[in-house]
Amino acid sequence: SQANFEEDSQEQPAVGHWKTLMPSKGSKEEPETGCQDAGGGDETQSTEQLNVSRLRSSSVEIREKGSEFLKEELHKAQKELKLKDKECERLSKVREQLEQELEELTASLFEEAHKMVREANTKQAASEKQLREARGKIDMLQAEVTALKTLVITSTPSSPNRELHPQLQSPSKAVFRKGHGRNKSTSSAMVSAASQNVTPEPVSHECKEVDSILFAEFQAWKESPTLDKSSSFLNRIYQEDVGPCLDFTKQELSELVRVAVEKNTLTIEPVASQTLPVVKVSGEECGGPKKCALSGLPRTCKHRIMLGDSGNYYYISPSCRARITAVCNFFTYIRYIQQGLVRQDVELMYWEVMRLRREMSLAKLGFYPSEM
C-alpha cells in the first residue's frame with residue numbers, strides 16, 4: 001500500500017488540475033461508512049470540548065491558586081519589607097547616636113588636650129621660675145658657705161677674727177674701759193686708789209672652770225642640735241639669758257622682736273643723719289631719732305630695726321641694740337653648730353656659748369661698747 005501511495009503521489013497532476021477518481025467496488029456501502037464517520041466525529045468533538053472545558057477549569061484553578069500563592073508571597077514580602085524598614089530605621093538611629101557620641105568624644109578630647117597643654121605650659125613656666133630662684137639661692141648659699149668656712153677656720157673662741165666676724169668681738173674690754181671711765185668722773189683720790197688697788201687682767205688669762213651640769217646639757221644638745229625650746233640646754237638659756245635680755249618696757253613690741261630674732265627675720269641698720277621719714281604705725285610705738293621704741297625713754301637712737309618684711313621701722317637706743325645684738329650673736333652661733341659649720345672640740349664650742357651668754361648677761365645689765 002505504501003508502494004501504491006508512492007506511485008499515486010508520483011502520478012499526481014500539477015497544481016490547479018483535478019483528477020477524476022473512479023468509484024471502487026464497494027461504492028454502495030460508502031454512505032453507511034460516511035454515517036459512521038459522522039458519528040465518530042461528533043464523539044470526537046464532544047470529547048475535545050470536554051477536554052477544553054477541563055483545561056479551562058484546571059487553568060482557572062491554577063490561576064486562583066497562583067493568585068493566592070502570589071498574594072501570600074506578596075504579604076510575606078511586605079512583612080519582610082516592614083521589618084527591613086524598621087531595622088534600617090533602628091540602624092540609622094544607632095548611626096546618628098554613634099556620630100553624636102563621636103563628635104562629643106572628639107570635642108572633649110580636644111578640650112582635655114588643650115587643658116593639658118595649658119597646664120603643662122603653666123607648670124613649665126613655674127618650674128623654670130623655681131629653677132631660676134633655686135639657682136640664685138644656691139649661688140647665694142655657696143657664697144655664704146664659703147664665707148662661713150673662712151670664718152670658722154680663721155676664728156676660734158679664744159682668738160676670734162674681728163675683721164671677718166665683728167659681732168663675735170668680746171665687749172669685756174670695752175665694758176671695762178667704760179667702767180674705768182666712769183671712775184674718772186669721781187674724785188682723783190678714788191681714781192688713784194682704784195688704779196693702784198685694781199689691776200685689770202687680760203681676758204685671755206682669766207680662770208675658767210667647766211660647770212658639769214651646763215656641760216652635760218650642752219653635750220646632750222650637741223648630739224642632736226635643734227632650735228626647739230624643749231631641750232634642757234636651750235630652755236635654761238631662754239629662762240636665764242634670752243628672755244630677760246629681750247624683756248623691754250613695751251611688752252607687745254618685745255614679743256615681736258623675740259619672734260623675729262628666733263626666725264632670723266630681724267634687720268638692724270644705722271640711721272642716717274638725713275634719712276627721710278618713713279611710714280610708721282604710730283609715733284609712740286615706732287619712736288624716733290630722739291626716743292627709743294622699746295624702752296619708751298628719750299634717747300639718741302643711732303639705729304633702727306625692721307621686723308620681717310613689714311616695712312615699719314622702730315628706732316632703738318644703743319643699750320637696746322646691744323641687748324638685741326647679743327641675742328642675735330648667740331642664735332647665729334648655735335645655728336652654725338646645727339648646720340655642721342663649726343668643726344671644733346666640744347669643750348671649745350661650750351666655752352664660746354658661755355662667752356655669748358656672758359655678753360647677753362652684760363647687755364641686759366646695761367653694759368655695752370662705746371661704739372654702739
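Don't overthink the numbers, they just go from 1 along the chain as shown.
In case you wondered, yes, glycine gets a Cβ from its N, Cα and C as well.
Annotations in TrEMBL come from automatic prediction, not curation.
Summarising the annotation, TrEMBL assigns coiled coil to 67-151. What TrEMBL records for 1-10 is compositional bias 'Acidic residues'. The compositional bias 'Polar residues' feature in TrEMBL is assigned to 43-59, 184-199. Look at TrEMBL and you will find 60-149 tagged as domain 'GDP/GTP exchange factor Sec2 N-terminal'. Feature annotation from TrEMBL assigns region 'Disordered' to 1-59, 176-203.
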Confidence over the coiled coil (67-151), expressed as mean pLDDT on the 0 to 100 scale, is 88
Residues in the domain 'GDP/GTP exchange factor Sec2 N-terminal' (60-149) per DSSP class, helix first, strand next, coil last, are 90 helix, 0 strand, 0 coil
For the compositional bias 'Polar residues' (43-59), the DSSP residue counts stand at 17 helix, 0 strand, 0 coil
